[in-house]
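Participant: If you look up TrEMBL, you'll see B:5-225 marked as domain 'CobQ/CobB/MinD/ParA nucleotide binding'. Taken from TrEMBL, the feature ATP binding site covers B:LYS11, B:GLY12, B:GLY13, B:VAL14, B:GLY15, B:LYS16, B:THR17, B:THR18.
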Amino acid sequence: MSFFNFLNRRTSAPVARERLQILLAHERGIVGGQPDLVATLREEILAVIAKHMAVERDNVQVKMDRGASVSTLEVDIEIPTPDSVVRPAA
Amino acid sequence: MAKVLVVTSGKGGVGKTTSTAALGAALAQCGQNVVVVDFDVGLRNLDLVMGAERRVVFDLINVVQGDAKLSQALIRDKRLDKLSLLPASQTRDKDNLTDEGIARVISELRERFDWIICDSPAGIERGATLAMRHADVAVVVTNPEVSSVRDSDRIIGLLDSKTEKAEKGERVEKHLLLTRYDPVRAERGEMLKKEDVLEILSIPLLGIIPESAEVVRASNVGAPVTLNNPNSAAGRAYLDAARRLNGDAVVTPEKRGLFSKLFTRRAA
Ligand SMILES: Nc1ncnc2c1ncn2[C@@H]1O[C@H](COP(=O)(O)OP(=O)(O)OP(=O)(O)O)[C@@H](O)[C@H]1O
Ligand SMILES: [Mg+2]
């Protein structure tokens, strides 16, 4: 973790890029006349997943990328693996 | 056919006025008949960057309101006779610019010039939307930095919705001009790379203008950098960008990677 932080401190541009991609996905919905489409999608996706498993809100990312001819919707859901669930000590 | 080009950005201070002067001069250097129009009412600077600040008599508002003829307000450049300037008013408010008045002035300019280059004020308010209103082509000036990229994205949205072309269901041709770029810092990961900005904004690249003392020197003496120092890196980058706007194929061998990107994006 500290090594990762060290790398990150030296190269902040990838962080900038990632933050922009997420932010602009939201803002494009607003400008394009569909009030926060990405936010709506994210809420509904969260609701569907919550029926079947427990996920952290922050671990669901929805990203819309605008292209010249097609746009893409990227859904990234991080789910807990059974191992990471804290079990009582034997 | 005359083309109306808007130089816009959303964010202030990224290099719109500098780029308007340099692209205008460069297109005139290529033999095109060019007028640069300052839409930054109340904060005019294009006259200063072009070295014409002491020659301003009438301005855009005078022409829009019918107090002066277009020919009285146009200032012909002393170095390039194919380059003219239509200055903004320094004292009057932009509320004096009516939609109909602007439409009339633009259509008169279309009859006289090959290129009408509009220097937009910063922001996304009426001043900026008026400047882009009649555009056929837009140059979106962006610095490799988060707030500039975000604002450019906003402006791209406006170009696709608030322009005359957009309202007719047509498209304004959009180009990215990345300015104040420092390749060394980008390579070190301290600054967004051209690839990052291109991928995020996904409009074709017109050129990359390096961060350069030559640009500042040129505005200090009141000459577009393409005239003051055409062989500087910034001067050459603006000249190449102008040739590309003009539809000439420009391939610089050491930058081939960059241009193949430009072309694949066009084709996409
Ligand atoms: N490539 C460059 N290298 C170094 N300095 C630059 C470069 N481009 C622009 N500048 C400087 O940045 C400052 C702002 O430029 P400019 O006035 O063209 O921006 P602008 O977008 O028109 O600003 P505004 O939004 O206030 O109208 C000026 O001092 C200019 O000299
Ligand atoms: Mg300006």
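Cβ coordinates are placed from backbone N, Cα and C, and glycine is handled just like the others.
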Participant: What does DSSP assign B:GLY15 (ATP binding site), in three states?
Facilitator: coil
Participant: Within 10 angstroms of the C-beta of B:THR17 (ATP binding site), what count of other C-beta atoms is obtained when all protein chains are considered?
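Facilitator: 26, counting other Cβ atoms within 10 Å of B:THR17 (ATP binding site).
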Participant: Around the C-beta of B:VAL14 (ATP binding site), how many further C-beta atoms are within 10 angstroms, looking at every protein chain?
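Facilitator: Cβ-Cβ neighbours of B:VAL14 (ATP binding site) within 10 Å number 25.
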Participant: Counting across all protein chains shown, how many other Cβ atoms sit within 10 Å of the Cβ of B:LYS16 (ATP binding site)?
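Facilitator: Around the Cβ of B:LYS16 (ATP binding site), 30 other Cβ atoms lie within 10 Å.
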Participant: Where the criterion is a Cβ under 6 Å from an atom of ligand 1, which of the binding-site residues B:LYS11, B:VAL14, B:GLY15, B:THR18 meet it?
Facilitator: B:VAL14, B:GLY15, B:THR18
Participant: Would you list the other residues of this chain near ATP - those whose C-beta lies within 8 angstroms of the C-beta centroid of B:LYS11, B:GLY12, B:GLY13, B:VAL14, B:GLY15, B:LYS16, B:THR17, B:THR18 - in sequence order?
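Facilitator: Residues close to the ATP site, other than B:LYS11, B:GLY12, B:GLY13, B:VAL14, B:GLY15, B:LYS16, B:THR17, B:THR18: B:SER9, B:SER19, B:ALA122, B:VAL141, B:THR179.
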Participant: Could you tell me which of the binding-site residues B:GLY13, B:VAL14, B:GLY15, B:LYS16, B:THR17 have their C-beta within a distance under 6 angstroms of some atom of ligand 2?
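Facilitator: The ones that qualify, in sequence order, are B:LYS16, B:THR17.
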Participant: In sequence order, which same-chain residues at least six apart have a C-beta under 8 angstroms from B:THR18 (ATP binding site)?
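Facilitator: Same-chain residues close to B:THR18 (ATP binding site) (Cβ under 8 Å, separated by 6 or more) are B:VAL49, B:THR179, B:VAL215, B:SER219, B:VAL225.
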Participant: Measuring CB to CB from B:GLY13 (ATP binding site), give everything in the same chain under 8 Å that is also at least six residues away in sequence.
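Facilitator: B:GLY13 (ATP binding site) has long-range Cβ partners B:ALA122.
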Participant: Starting from the Cβ of B:LYS11 (ATP binding site), draw a 10 Å sphere and report how many other Cβ atoms land inside it.
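Facilitator: Result for B:LYS11 (ATP binding site): 21 other Cβ atoms within 10 Å.
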Participant: Mind looking up the mean pLDDT for the domain 'CobQ/CobB/MinD/ParA nucleotide binding' (B:5-225) in the predicted model?
Facilitator: 95
Participant: Using a 10 Å cut-off, grab the number of neighbouring Cβ atoms around the Cβ of B:GLY12 (ATP binding site), all chains included.
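Facilitator: Excluding its own Cβ, the number within 10 Å is 13.
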